[in-house]
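Q: Take this structure, written in structure tokens, and hold onto it; I'll ask about it next.
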Amino acid sequence: MLYSLVKKYLFSLDAEDAHEKVCKILRMLSSSPFLCNLIDSQWGYQNPKLENEILGLHFPNPLGLAAGFDKNASMLRALMAFGFGYLEAGTLTNEAQVGNERPRLFRHIEEESLQNAMGFNNYGAILGVRSFKRFAPYKTPIGINLGKNKHIEQAHALEDYKAVLSKCLNIGDYYTFNLSSPNTPNLRDLQNKAFVHELFCMAKEMTHKPLFLKIAPDLETDDMLEIVNSAIGAGAHGIIATNTTIDKSLVFAPKEMGGLSGKCLTKKSREIFKELAKAFFNKSVLVSVGGISDAKEAYERIKMGASLLQIYSAFIYNGPNLCQNILKDLVKLLQKDGFLSVKEAIGADLR
């Protein structure tokens, strides 16, 4: 009830202005352990059936917050109090950048979806690292999503990813290379097996922490499988599928620029994840993101082969009790099908 009133006010504002107001509050809350504990007591949820050890990291539950919400790693402590099993900060770039011109964030309310053309706006890796360290250590795993600066030519992209990774080596529990945002010109062209191979070979020499590749939902299936195979062969530990889509047919009144996320992406993301899991389940850690807004969809992705999940748009539309609701209902679904834990359900449809 309370969030419905808050949401009504926030949705009366420009989408990015509303986000900035929320972020300001979350940054303030992050500085208070007492308030974070209070939030956790209200909206957190713990159940041993949802715990899992993946790549040497302990996840209290499989539901994470996707990159893009906390671009500068400045409000992680507050965000984790809302029940997330892990968080992904960023996207951070080597140098600070302002992103694309506003307006660049839009709501498609009927479809419970968002469209963003942000363009990796962030304070840069150095300040991102400083923000991260301010409230460390954290209770859950934290991923760091890394991107390429807009002004960097394609020929120097590998050097740019190396530079941003180098600055972030002493923060985070895993790293995600973002080659799939539609909002940096030509970035998606780097989704090819040659560049991906070079990228992960480089990263493996720099860190022993888990490395992930985040892919677009708009790839042809054969291309996607080829790119993923190249990444895993070069040392990637996991694949995050998917980023936002440029398929404007999924909403009634799309804006010209930007990628779509939310419920409009559910079917498309599920379909590409199904193909990904058929080929790479048990060969890599698979993370499903895109249009997950309830326990039923979360459970389907887990049975399809997802060890972990991520949400973003649903958090905007449903508010602070979303994680708790999904996780409670997920436990009920596991029990109904006779699974003793979420670990047993991962990939059940493939067995």
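Quick reminder: no glycine exception, Cβ is built from N, Cα and C everywhere.
Relevant sequence annotations retrieved from Swiss-Prot are reproduced here:
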| type | residues | note |
| --- | --- | --- |
| ACT_SITE | S181 | active site, nucleophile |
| BINDING | A67, G68, F69, D70, K71, T91, N145, N178, K214, T242, G262, G291, Y312, S313 | FMN binding site |
| BINDING | K71, N116, A117, M118, G119, F120, N178, N183, N243, T244 | substrate binding site |
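Give me the structural setting of these features: burial, nearby parts and distances.
A: A coil conformation is recorded for S181 (active site, nucleophile) in the three-state DSSP classification, outside any helix or strand.
Just so you know, the Cβ of Y312 (FMN binding site) picks up 21 other Cβ atoms within 10 Å once every protein chain is counted.
In sequence order, N100, R104, L105, N183, K255, M257, G258, G259 are the residues near A117 (substrate binding site), counting only same-chain partners six or more apart with C-beta under 8 A.
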Q: Name the secondary structure element type, per DSSP in three states, that contains K214 (FMN binding site).
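A: The three-state answer is strand.
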